[in-house]
Every structure is written in structure tokens, then in C-alpha cells.
Amino acid sequence: RYFYFVSTYAALLCFGTLRPVNKLTSALQMGWGDLGVFGQPSKETPNLDAMAAQGMLFPDFYTANPLCSPSRAALLTGRLPVRNGFYTTNAHARNAYTPQEIVGGISQDEILLPQMLKKKGYVSKIVGKWHLGHRPQYLPLENGFDEWFGAPNCHFGPYNNSNRPNIPMYNDSEMLGRYYEEFKIDKKTGESNLTQIYLLEGLDFINRQTEAQRPFFLYWAADATHAPVYASKRFLGKSQRGRYGDAVMELDYSVGQILSKLYSLGIENNTFVFFTSDNGAALISAPDEGGSNGPFLCGKQTTFEGGMREPAIAWWPGHIEEGTVSFQLANVMDLFTTSLALAGISPPDDRIMDGLDLTPVLLNRPHTLHNRPIFYYRGNELMAVRLGQYKAHYWTWSNSWMEFKNGINFCPGQEVPGVTTHTQKEHTLQPIIFHLGRDPGEKFPISVLTKEYLDVLSRISPVVEQHKNNLVPGLPQLNMCDVAVMNWAPAGCEKLGKCLKVPKSDPWKCDWPH
């Protein structure tokens, strides 16, 4: 089976064999409202819109965290970040990720999707951003992947290589160069060829594995839609939304090229493709370098709908009925379990798995997934729970007053009194409940005096209680930082003359303001 997985955190996952192919495509912090099929008027996504017309659209699909690193860890482990360790306990309900000063990374106790796929002989590759730790033991080839072309961290920079090194780009286990040096990103014009380089790497991998008749899994993780946003010269200035729209157009083009490659190789009927995102659009970067979350409240960093509801499309010609829409509640962790099911592999039985098998939904078979809950975590705190059309907030917080007054706003133009709070507000005794069908923007809480409120609370409360009683948090991996662990001297730097002096170790507890 060929399994091809393209993920919207600017990520693409591909997995294939002579049995079915599964493909999932994902872009970095693209919002629900960035796709034409969800109403984006600028029409920058003809290939993704066509993919939806040929497959199944999921309007109620979620990430596992409103930030990049934890959601990627959840995708590849099938487990909530609070279970797999991709969270912090340095402060309450804080988002944490993997900047290059982070000491930790993906726990060696976790089992990643490519490690499981090896049981059936799959060859796995990641193209693009990894973001699960940059120290040697945390890199992709130490965690089940056979090949890697990309970077361990975000493309922030440029840096002077004295106080902070530029981020390295890797080919498998050795660096090829660094962002802003060998791999150019012009922050003034927004020009960079990185998405095209990533596209060619993905196409080459598909070609090689198909020619060798090997099952494959490709995780394609381009990051052009993450600030600083970039696009190649061919796409710059072409959209109606400026540089961000240009990056979306190039990502859409790349997805189209990958789908065309599957057709040209005659493996489209053996390939399952899924497109989604790691978190909602970063409204703090909008409008120039941030996207749209459609009708939903707020964006990246928050557990409101705009931060965690994602665009999602499943594609598998000859198997998924064309032009279908599923309102099944689903999340990125389901892709772990679903991928294993398609490959004929049982999930690990020595741990709690949060992902469910979506194959009955995809193939229109009877199932019992209708009443599954969605859990909204921010760091170590369960902020909200969705059950059916109802969402109950047990904590609310956008960001601190201090940050807000300094111009950091995760909900620009969307302040909802008592909901988008700038202090952490607990509502455990009387959660704020919304009906997301009638009120997708979370603006009109259901009155606590109504029968509807009491009925919903009676159904959601046992779900929350059971979840908390069964929760065994993993050891937090994102608590400690140290300048000495930055990308000063990655493997392969000696050959290139790119090694930098490593400073003295001076660890500290990371400060996570959000």
C-alpha cells in the first residue's frame, strides 16, 4: 500500500507500498479560512479545492495544540502532547515549542509512526521542518525515518552566528548549510526557492520508491506560510493577499504537482492523501504574513476555534466517494491510527492512544465514532472540551495584559467580553458553553439558567471526569533551555567549514509567556 501524507503545517507525509498508498498533506499554520472550498474569496487554492471535490472534506477537524511543535508530536505519536511530553510545567497553561535553545525533544519512550510502519517494510522520508528537537538523539533518522531533507527548527533569522547561530538545513544526518547563508530567504522581498526545493525532494522520493516497488511514507513539511513568509519569484506578487497569499499559492501548486505525479505513475488508486494544518492561522502576523480562520474566534496560540480547527481534506481515488463532506469530529492524532489501519498494523497496546481509526468514516462504513470528544489543551491544562455541537470552556485566556498592551494580540478585532480574557479565568464550576453550529464564532454563551445548558453539562461532565481520571501525564520535555545546545556545530559542519564555537553551558528554565 502506498501511503502519502501531506500535512498543512507546511508538511507532507507520504507512505506507499504495493498495497494502498496513503498521502497526507499539511501546511504550516494555514487557517481554516485559507482554502477556496471554505469560502476564501481570493481563490488561491485551485488544486486543494479540486482535491476536495475529488475526495472528502472535514469541516470539523482539529489539531492537538494551538502551536506547531506539540501538534507535530501528537500527529506522529497518536497521543496528546500532555501524554507524549511535548508540554511545559514551568507555568500554568503555557504553550511551549522547540526553539534552538531547548534542551529536550521527542521522548525516547514514544513510538513514532515511521517506526511502526517499518513492520510492513515501509521506507519513510520527511521533507521540511521537523520541530521535535534538534539535538542528535531527537532528529528524524533516530526516530524511524530513513531519509530527511529539511531543518530542525523554524526559519527565523538571520542571526550573526555569534550570539545565536543560523538554523542548519540537513540532508539525512548531516547539515548542507544554513538558512540565510546557503539557503537564501530574502526578508525584504520575500523571495526564496525553498518550497520548490522541497517539492523536488518529495517528487524524487516518490519516483524512487515507486520504481523500486517499495512501500513508502512521505511526510512533506514545507513552512513558507510561517512568518517570515516566503515564495519563489514565480509566485511573488501573484495573489490578492500579498506575500502570505503568494506562499499559499505556491503550496497549493506543490500539492497539485504531487497529485499529478501519483497519476503519472499510475498509483493514485493506491494512495491515500490527507491535507491539514498544525495550528490555526497566526493572526498576530496578519494581514501581511498571517492567514484567515474564517468565522472562528482568534487564532494560533489560543484554544478558541480559530486556534485549533484546521482545514482538512482526504483523497483516495476509487475508495473515498468524490465530493463528500463529513462532519465527523476528528483530529491529527487520528491520522496515526488511521495510517496504521490502512497499512494493516495494530497500534501499540502498551499505552493509551488518543487517535481513532477513521477508515469507517472515509469508506462510508458503519461506525460508532459519532460521540467522540475533542480535548483542547494549552500546555498542562485542559482548557475546553467539545462533544457533538457543544463546546465547554473550563478555562479562558488569550494572552496576558502585559503582552496585549505591548501589541501582541491573538484575537485582533474579535474581543468577546468574559471569553477572550487577558487573565487566566477558571470556569470549572460553571463552564462557558457554546453551540458551535449556531455560533461558530463563540460569541453567544448559552445561559446557565436554561434546560439546554444543564442537559449539555450533564453529558460533558462525565467525559471530562473520565479523561482526567485516566490521564497520566508524560515527563515534560520543554522545561529547560541552554545556549550551549543551539545549532553551533551540527553533524557535517566540519566538512563545510561551518562549525561555530560552542559557548559554556548555562541552563535555565525556559520562559513561555503564552
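Cβ atoms are placed via backbone N, Cα and C, with glycine included.
Note that TrEMBL annotation is computational and uncurated.
Feature annotations, reproduced from TrEMBL:
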type: ACT_SITE; residues: CYS68; note: active site, nucleophile
type: ACT_SITE; residues: HIS131; note: active site
type: BINDING; residues: CYS68, ASP278, ASN279; note: Ca(2+) binding site
type: DOMAIN; residues: 30-345; note: domain 'Sulfatase N-terminal'
type: CARBOHYD; residues: ASN193; note: N-linked glycosylation site
type: MOD_RES; residues: CYS68; note: 3-oxoalanine (Cys)
Which of the listed recorded positions (ASN193, ASN279) has the least company, meaning the fewest other Cβ atoms within 10 Å of its Cβ?
ASN193
Just counting, how many other CB atoms are there within 10 A of the CB of ASP278 (Ca(2+) binding site)?
34
Closest of the recorded positions to ASN279 (Ca(2+) binding site), Cα to Cα, picking from CYS68, HIS131, ASN193?
CYS68
Closest of the recorded positions to ASP278 (Ca(2+) binding site), Cα to Cα, picking from CYS68, HIS131, ASN193?
CYS68
I'm checking region-level scores; what's the whole-number mean pLDDT for the domain 'Sulfatase N-terminal' (30-345)?
96
ASN193 (N-linked glycosylation site) and HIS131 (active site), distance between Cα atoms, whole Å:
21
Compute the C-alpha separation of the residue listed as 'active site, nucleophile' from ASN193 (N-linked glycosylation site), stating it in Å without decimals.
22
State the count of C-beta atoms found within 10 angstroms of the C-beta of the residue listed as 'active site', not counting that atom itself.
30
